Amino acid sequence: MEQRVAPEHMPSIKLKDDDQQTASITNKPKNKRIASLDAFRGLAIVLMILVDDAGGVYPRIDHAPWNGCTLADFVMPFFLFIVGLAIALALKRVPKMRVAIKRIFVRTIKLMFWGILLQGGYSHTPYELVYGVDMKKIRWFGILQRIAFVYMVIALIEALTVKLRPTILNPGHLAIFKAYRWQWCGGLVAFLVYMVTTYTLYVPDWTYNGPESKVRCGMRGSLGPACNAVGYVDRQVWGINHIYTGPVWIRLKACTLSSPSAGALRDDAPTWCLGPFEPEGLLSTISAILSGTIGIHYGHILIHFKGHAERLKQWVLTGLGLLVLAIILHFTDAIPINKQLYSFSYVCFTAGVAGILFSAFYMLIDVWGIRAPFLFLEWIGMNAMLVFVLGAQGILAGFVKGWFYEKPDNNLISWILDHVFIDVWNSEKVGTLLYVIFAEITFWGVLSGILHKFGIYWKL
């Protein structure tokens, strides 16, 4: 964590663009910060906290057990979309190539480290007050690792092609795609690798806990839970003991009568219901590069189109086009929307929603200047890493729960949840939701605002 000058306190310059603020001229020009970018990043963090901590009592907002898309399923692509958009702005100019490449690799390694530390199995907070992981069962991939991989690929392409793109676009509707053809080529390669592997790779039978847990496959092109190529690649690359052991498919009707909630297994549940599956796996992460590619396209539009109306037109049309394509693919059963597989229709659907939602944020915050209702999102977005680690991953909650009286369940957090929220509202569902909103999200919004006031940010 480091202390730096807060963005709003940085010296600025009077610029010609209609989206730049008028201020005193200094020796070193600085562009106005895009507040909607911070707000959108903050929204992704808030959604993660909400669905992680309230999804247990509201299964409709938790991850879809297989096909479909719920509120929780927007979190990861929202992160990748805003990562791509931010890369376009950060690497608009690359004065020293070697320095830029070094920073990209260093940031990737840092993200990978934090990902393995937080989601590899070492930390068990806030549910268990223990630390440590059996290296035979460590989970190698997770949320931050996926973000790190997508960031590395997209940032490297953006940095290495900086001299190949024009500063001014040529006339024509496809000019921006031609100017950044290498970025789209990278996305196309990712798409082809994912699609070819998904539909042509042979998936044999597999076991996860001895012969009695054998899952029969012997097929190609399956998009079901048991025999898809996405899971097979992870079992082969990482090993059966190094992937996520609590997949959401256990909430499918085939596995439990309590679906979409978790519950006891059916007597006739198939063997794969208790099998492992990596939701942030290798092949699905290759597909996730497309989410970042679409995000960087939005960043390129922001750079080259100076008028608000033109930017919004480009963004909204792109978003609507992606939504229409996703809906057609899903409802014709060509490619179902599926977060676990990170299907192409899922990429299009979530990127389309992200694009339209970001356009709305941009219009409200940066064009119309309605910032007050979104300030807490901006503050959280400026300190996204801190809130992710301490809040979304439960590190601070685990620390507080570590100070208990007589037994671990008798701690401050549990007392507030039970007596201030659940007992008062006489409802576990309503009480839990209000606790997440007021005791977690509001807390992190206020704390992030205080840190912003003092110019303190945690960045990698």
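Cβ atoms are placed via backbone N, Cα and C, with glycine included.
What TrEMBL says about this one:
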| type | residues | note |
| --- | --- | --- |
| DOMAIN | 33-176 | domain 'Heparan-alpha-glucosaminide N-acetyltransferase catalytic' |
| TRANSMEM | 34-51 | transmembrane segment |
| TRANSMEM | 71-92 | transmembrane segment |
| TRANSMEM | 104-123 | transmembrane segment |
| TRANSMEM | 143-162 | transmembrane segment |
| TRANSMEM | 182-202 | transmembrane segment |
| TRANSMEM | 282-303 | transmembrane segment |
| TRANSMEM | 315-332 | transmembrane segment |
| TRANSMEM | 344-364 | transmembrane segment |
| TRANSMEM | 376-400 | transmembrane segment |
| TRANSMEM | 433-451 | transmembrane segment |
Q | CB contact flag for the transmembrane segment (104-123) and the transmembrane segment (376-400), at least three pairs under 8 A | A | yes
Q | Segment proximity, the transmembrane segment (34-51) to the transmembrane segment (376-400), 3 or more C-beta pairs under 8 Å | A | yes
Q: Name the range, of those listed as 34-51, 71-92, 143-162, 182-202, 433-451, that has the largest tally of Cβ pairs under 8 Å with the transmembrane segment (282-303).
A: 71-92
Q | Chain residues in Cβ proximity to the transmembrane segment (182-202) (below 8 Å; excluding those fewer than six residues from its ends, i.e. six or more beyond) | A | 153-154, 157-158, 161, 164, 218-221, 223, 228-230, 232-233, 283-284, 286-287, 289-290, 293-294, 296-297, 300, 341-342, 344
(Q) Six or more residues beyond either end and a Cβ under 8 Å away: which residues meet both conditions relative to the transmembrane segment (34-51)? (A) 61-63, 70-72, 74-75, 78-79, 82, 85-86, 89, 302, 354, 357-358, 361-362, 364-366, 371, 374, 376-382, 384, 387-388, 391-392, 436-437, 440-441, 444, 448
**Q.** Contact set, same chain, for the transmembrane segment (433-451): CB under 8 Å, 6 or more residues outside the stretch
**A.** 42, 45-46, 49-50, 53-54, 57-58, 375-377, 379-380, 382-383, 386-387, 391, 416-417, 420-422, 425, 457
Q: Summarise the domain 'Heparan-alpha-glucosaminide N-acetyltransferase catalytic' (33-176) by DSSP state, stating how many residues are helix, strand and coil.
A: 86 helix, 4 strand, 54 coil
